[in-house]
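For reference, Swiss-Prot has these:
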- 46-69: transmembrane segment (TRANSMEM)
- 135-158: transmembrane segment (TRANSMEM)
- 175-199: transmembrane segment (TRANSMEM)
- 273-291: transmembrane segment (TRANSMEM)
- 330-353: transmembrane segment (TRANSMEM)
- 369-395: transmembrane segment (TRANSMEM)
- 417-439: transmembrane segment (TRANSMEM)
- 517-535: transmembrane segment (TRANSMEM)
- Cys559, Cys568: [4Fe-4S] cluster binding site (BINDING)
- 575-596: transmembrane segment (TRANSMEM)
- 643-665: transmembrane segment (TRANSMEM)
- His654: chlorophyll a B1 binding site (BINDING)
- Met662, Tyr670: chlorophyll a B3 binding site (BINDING)
- Trp671: phylloquinone binding site (BINDING)
- 707-727: transmembrane segment (TRANSMEM)
Amino acid sequence: MALRFPRFSQGLAQDPTTRRIWFGIATAHDFESHDDITEEGLYQNIFASHFGQLAIIFLWTSGNLFHVAWQGNFESWVQDPLHVRPIAHAIWDPHFGQPAVEAFTRGGALGPVNIAYSGLYQWWYTIGLRTNEDLYTGALFLLFLSAISLIAGWLHLQPKWKPSVSWFKNAESRLNHHLSGLFGVSSLAWTGHLVHVAIPGSRGEYVRWNNFLDVLPSPQGLGPLFTGQWNLYAQNPDSSGHLFGTSQGAGTAILTLLGGFHPQTQSLWLTDIAHHHLAIAFVFLVAGHMYRTNFGIGHSIKDLLEAHTPPGGRLGRAHKGLYDTINNSIHFQLGLALASLGVITSLVAQHMYSLPPYAFIAQDFTTQAALYTHHQYIAGFIMTGAFAHGAIFFIRDYNPEQNEDNVLARMLDHKEAIKSHLSWASLFLGFHTLGLYVHNDVMLAFGTPEKQILIEPIFAQWIQSAHGKTSYGFDVLLSSTNGPAFNAGRSLWLPGWLNAINENGNSLFLTIGPGDFLVHHAIALGLHTTTLILVKGALDARGSKFMPDKKDFGYSFPCDGPGRGGTCDISAWDAFYLAVFWMLNTIGWVTFYWHWKHITLWQGNPSQFNESSTYLMGWLRDYLWLNSSQLINGYNPFGTNSLSVWAWMFLFGHLVWATGFMFLISWRGYWQELIETLAWAHERTPLANLIRWRDKPVALSIVQARLVGLAHFSVGYIFTYAAFLIASTSGKFG
């Protein structure tokens, strides 16, 4: 018999039903479960696949550069970043009639094009790229890196180049390498690029390899570095009248602490950014020399953890046993990595708009909205993944004997308290927030809007005031003009910060009121509920009150009938599945809030948000309905415009989303009946019955149907909102 898919599981390969295909796809990446896998092989496979991942990333970014250089308008955009629309790539579509061709021919292009809302143009411009040739050079370099990564991946699968398990479990060496070698050196290299290429570029000086050694980034060269007069590098910064990309109003400083924004570009000062990266480089280069490797000096992580037992004994054996537990569990490590990355990605979303780092990106409203939404959704998926792998850790890798009475075991011991507290918080937030919204709706519906319950967020306003926002009149800390912190700030640190925070033209510490108070608590409800489901799923992964023996059932067991007391909806996978809906729900509220707040701000009528966001009909009517009106007129009986493709995607997104429910609101028997009916009809239909298949068609399992439903729900949800967001923003602001 020929080798059938999947080769990694002989048991599945011999399955006579279509289950073979679906289970094969589902477990293709679950290396641990494959036939003949060893711990060593597992680590080596994952390690080699990382290089493949890098190759894909480099190829993708190379493609971005290449297509903009080939089909974009980078050089004309550079001449006038505020009025030329950046082109991502051309559209070649044989289905476009003349009206569509005309509608999508924009940005000075000769034919239909896609406009770029990625912020790449602004980034490339800020870091010193100016010509298409620069973009082609970057694309070729990344293509070269992609090839190198593929070769490295292949190489590390060859017997001579496969690292041993001990190499993978050498935590100190890995930490030193990542901290110093990756973060430290790359931050230092980036500082070098900013100082030698980007900052001169922002002052009208074109530095490339041919003149790299002739142009001094700072008039004094390296002198101040060696004589300890580092403050000379901060002297003579760019003036407030500096025109970015020219020498007009330019200074000579390279490392500054100005604070605030460049008045023309509305982005952080490049010299501040360079200073930040230099500081980061220093911190990480030091951090990468802290752990004990070759010379017997420095910290041992195991010793650190073992010694870390708080006095008083209230935390039991604290961190004893944790080192081996983490170091021997890939899922624990992946969970930690995903949790960290998820938080960082969400922080990127928050900081990209409030402290825009790239020149002119703050004035490109659609890009701001797209980047915020993009990073928040990605953060949501990554964070739910962290808990999924936390649950798999408990099932596959957790050993109670090794972790007796340490912090991990104690988390499991008091999981009931954790779940009940999260449950209480979610219920409290949900009922009170909904109660306030509904009350306000009733008051408006009954014609007594003055009876709404409107709560000022005074604590949040006080925090904003403490950071320097004066409009609330709190007169505290940095908003107190005669306080020592305020006066020191004038000269000592970030003098531009207080000006920026009190200007109304940016998104720093937006003015907040009762509408913000309510939506803040709605988002808090979503966050707490998502967390409750995820934490419960992980803590109950090995066993719960109803089913104390889940270990051998694994991560994603389906319903097993009523015989065992019912196993429906109690696998760790079920918790992850439910949590993704809540995560999408929450990020929906987050992005609705951000977008509505900002479009009213950008249009100069923040009172619309302030007045309409205190009741549910306001959100539905004045945000969703009002802002989709332009979008759904992208095509109509009178013709088509440049929003038509987004209008079509809006419709298509709803369709995909709704398809999800067909898979979610059904059960296994339904699918089996459907498939038997289809197979019966097929076998009795002339011509069609000439086509046979080897595998007997069996129904999707409950878990599979839910996965298909979840995938459609998620993809449709994101397609729908992406189309709405981009079309409603670009339709208003061009």
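Residue positions begin at 1 at the first shown residue.
Glycine is treated like the rest: Cβ placed from N, Cα and C.
These numbers come from a predicted model, not from an experiment.
Listed in sequence order, Ala699, Leu700, Ala705 are the same-chain residues six or more apart from Trp671 (phylloquinone binding site) with CB atoms under 8 A from its CB. Using the rule of three or more Cβ pairs under 8 Å, pairs at least 6 apart in sequence, the transmembrane segment (707-727) is in contact with the transmembrane segment (575-596). Separating the Cα atoms of Cys568 ([4Fe-4S] cluster binding site) and Met662 (chlorophyll a B3 binding site) is a whole-number distance of 19 Å. Neighbour counts were taken as the number of other C-beta atoms within 10 angstroms of each residue's C-beta; across the binding-site residues Cys559, Cys568, the minimum falls on Cys568. Within 10 Å of the Cβ of Met662 (chlorophyll a B3 binding site) there are 13 other Cβ atoms, across all protein chains. Simply put, out of 273-291, 369-395, 575-596, 273-291 has the most Cβ pairs sitting under 8 Å from the transmembrane segment (175-199). For His654 (chlorophyll a B1 binding site), the Cβ neighbour count at a 10 Å cut-off comes to 15, with all displayed protein chains included. Among 273-291, 369-395, 643-665, 369-395 has the largest number of CB pairs under 8 A with the transmembrane segment (575-596). When the binding-site residues His654, Met662, Tyr670 are compared by Cα distance to Cys559 ([4Fe-4S] cluster binding site), the shortest distance belongs to Tyr670.
Away from its own ends, the transmembrane segment (643-665) comes close to residues 100, 103-104, 628, 630-635, 700, 705-706, 708-724, 726-727, 730-731 of its chain (Cβ-Cβ under 8 Å, at least six residues beyond either end). Looking at Tyr670 (chlorophyll a B3 binding site) and His654 (chlorophyll a B1 binding site), their Cα atoms lie 24 Å from each other. When secondary structure is read from DSSP and collapsed to three states, Trp671 (phylloquinone binding site) falls in the helix class. His654 (chlorophyll a B1 binding site) carries a helical DSSP state (H, G or I).
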